[in-house]
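**Q** Quick one: the structure is below, and I'll ask about it shortly.
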Amino acid sequence: MMKVLVVVALLVTLISYSSSEGIDDLEADELSSLMANEQTRKECIPKHHECTSNKHGCCRGNFFKYKCQCTTVVTQDGEQTERCFCGTPPHHKAAELVVGFGKKIFG
């Protein structure tokens, strides 16, 4: 009976040690993921800034991520170029207006 208790205690110790190693690995992966997200957040393009070279790099606004909005610009030479900036699309502006109005009414 004593041998069985020793073996069970040994198994419980091994299982708890291996699970704590797994948890440490998960925490390390989660920490590196959070650090990568923070780095991309720092590198995002703010509202009204040019996003011609990185159309998916706009920052988040209050409720939605800004969208890269492009227009065609004709230079004095008659050359057409595309210029883009990060901004809030009209349907997102409308949603933010409704939410802001709702907050004022319902507190």
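Note that Cβ sites are derived from N, Cα and C of the backbone, with glycine treated the same way.
Given the structure is predicted, the values throughout are model-derived calculations rather than measurements.
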**Q** Could you identify, going by Swiss-Prot, the member of Cys59, Cys68 that forms a disulphide bond with Cys51?
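**A** Disulfide mapping in Swiss-Prot sends Cys51 to Cys68.
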**Q** Name the cysteine that pairs with Cys59 in a disulphide bond per Swiss-Prot, restricting the answer to Cys44, Cys84.
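**A** Cross-referencing Swiss-Prot, the cysteine bonded to Cys59 turns out to be Cys44.
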**Q** List the Cα distance (Å, whole number) between Cys68 (disulfide bond) and Cys44 (disulfide bond).
**A** 12
**Q** What is the interatomic distance between the Cα atoms of Cys70 (disulfide bond) and Cys86 (disulfide bond), given in whole Å?
**A** 9
**Q** Considering only the disulfide-bonded residues Cys51, Cys58, Cys84, Cys86, which residue has the minimal Cα-Cα separation from Cys44 (disulfide bond)?
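**A** Minimum Cα distance from Cys44 (disulfide bond) across Cys51, Cys58, Cys84, Cys86 lands on Cys58.
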